[in-house]
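Asks: Look at TrEMBL and you will find 34-44 tagged as compositional bias 'Polar residues'. The domain 'TonB-dependent receptor plug' annotation in TrEMBL covers 59-151. The domain 'TonB-dependent receptor-like beta-barrel' annotation in TrEMBL covers 225-662. What TrEMBL lists as region 'Disordered' is 34-59. Taken from TrEMBL, the feature motif 'TonB C-terminal box' covers 686-703. The signal peptide annotation in TrEMBL covers 1-26.
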Amino acid sequence: MEIKSRNTPLISLISVSILMAIHAQAAEQPALTVTANPNNTPSSVEKKATLGNSGSQEIRNTPWSVQTVSPQLMKRQQLKSISDIYRYMPSVQGDGARPQTRGMQGSVVQNSMIDGLNVVSTTDYAAAQFDHLEVLNGLAGSLYGPANPAGLFNFVSKRPTDSPQHSVTIGAGTGISHLLAGDFSGPLDDNDRLRYRLNLLDDEGSGYVTGSKKRRQLVSFALDANLTDQTVLETNFSYYHFYDKGLPGKFALGSGLTFPAAPDPKTAHLGQSYAGDNNHTLTAGVHLKHDFDGNWQGEVAVLRQIADRESTAVTNTFTDNQGHYTTTTSSATASRFTINSYLANLNGEVDTGWIHHQIAAGVRGFVWKNMNPKAGGTSTLGSASLDNPQAFAEPDYPDFTDRYHSATATQHAFLLSDNLAFSPQWSLLLAGSESLLSSANYSKTGSRSSESSNSGFSGSASLMYKPVDPLTLYVSYADSLQQGDTAPATANNAGNILAPYRSRQVEVGSKLAVNKLLLTAALFQIKRPYAYTNANGDYAVDGEQRNRGIELMADGDVTERLHVYGGMTWLDPRLLKTASAQTENKQIVGLSRYVASLFAAYDLPMLSGTDIHGGMHYVGRRSTDNQNEGWVSGYTTLDAGAAWKTQLFNTATTFRLDVTNLTNRHYWTNIVPGGLNGYSGSGYASAQLGEPRMVQVSMQLNF
């Protein structure tokens, strides 16, 4: 559905009006000094992350591989979306709709959260809405309840500030006609008991393909109220509109074919001018937090999210190895997701003799519903080739608001953990969750076509040793439940819901704090059941995916002026017990054995307030079929940029310039198997084209 351009200045007008009002108020107040690294910004060795019902924990003292991307990095790189953030984490595969870690595909809901509450991962999120991102690699079921062994992604919202802090940003870049963003925060009363945070974004223009269109609009509002000195009520509301049409579509393989060299993504008609995404995401959440005595804390929270999608993107399926393809479009996928999620936690500390306990108990869960278009289907648009792409007539798309309830999934988890400290050097963390999970699928007539109801336990045990304070060594074992997959339409048992899967993980790791630099290393092995359509035509668990790997990360200040973030991952993802010599012990489709990502920034001593920064992202070759007969070559992209902080008309001002994919490398990304459920299905891969060179400039005013 096309949105008329006359509506697009709305947020711009709102943000300008608020800017004028706040600026008038700020003119009566003393000037604020804005620094690049405020005193309350923790160093990398002091970073914390929220880990289930245990609450906020120092990363360097936890027995898991946890990574965070700071707000400083997000601002410095002018990151726009959550997927932009993922590429700085070598253990994360975030090019697709469902983010994942360690090569295990994530679910739509179970692995993604906002402020600890489950949300939909297959919608769009603006980076401007969040303060930072927390990622726990690997299994997390003992801390959060049933989830795919793909890690846990927690998007942490921006919170109101104690003092007035306002900024407005204007910018432009490749294909962008204008960008205007505002971030306003501060107290609303004289006693500073009521504080707000308002983020506005209006970003509109053409994409990097001639004739394409992109639009991003965000309203995000947070209000914190100190009801008492020990109790705070945090509320969050956001609306995000993401629109893109005319960019390259997805490419898929027919049986026995391989991907050609990646074409120039700026080539016209690799997508269609009317095809793409038009998504609206509305999210509201409330957290009530109470400190009982300085030692015990409690929290209850709820979230409601509605994600409306109009997915009309095309798929170009290769029909030979000379670059010819058939273009189709599908409108049958879910056009609305709704989710209600909740949590209640209680955590504190107690001593029993010479053992110190950090105890956490809680409940959490969600109800997630899918709605699909009643008239959705697949249309064939025509045939073309990479040498001669074609524009095709627009098909008759359905009314995406005329929906039927297609599925419901429900989870409830009861959690308990205890971190037992035997001495300053030795500690043991035990965690577990008992869960109830159910799912049901429905036909267009409203009748229930299949259902499943199960329960089970997920647990973990971690032994930690600190020979000296800056060093933590640990070994962990974890197992975790996840919802079973639904058999695809091509199987004999189409629509049947498989029993829950159980994944297992062993991890050994270390964390070393060197001044303001945190160095981490982890060795791991994950095993999970592998479901596919067998020779009898039944969709069933008939194999195993085993991923082994090594993760190395560095985060922090190498010197006072040199800052780094990045690392490398070696991954050995294998198919086992497949009952077929052709696929036994083969590398998983779409996963590279080697991934490296490094970002570095240097503050120039000769130019005060100026830094130069750059990044490198490397991905090795990836298989395109379960037999490992076809491969896509690896690629390296380079980024570069600079920032200059100065005073403009007595206002702290930052100018930024960033270039991504500096060498304009053409490459394939997001290689996934034909199946949608985990790494299952026919094994005929699909892929997307990576973005070309992109330039971005902006000016940010702080007052």
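Glycine residues also receive a Cβ, built from the backbone N, Cα and C atoms like all the rest.
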Asks: In the predicted model, what is the mean pLDDT computed over the domain 'TonB-dependent receptor plug' (59-151)?
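Replies: Residues in the domain 'TonB-dependent receptor plug' (59-151) carry a mean pLDDT of 93 in this prediction.
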Asks: From the DSSP assignment alone, can you count helix, strand and coil residues within the domain 'TonB-dependent receptor plug' (59-151)?
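Replies: Helix (H, G, I), strand (E, B), coil: 21 helix, 23 strand, 49 coil.
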Asks: May I have the DSSP-based helix, strand and coil counts for the residues of the motif 'TonB C-terminal box' (686-703)?
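Replies: Helix/strand/coil tally for the motif 'TonB C-terminal box' (686-703): 0 helix, 13 strand, 5 coil.
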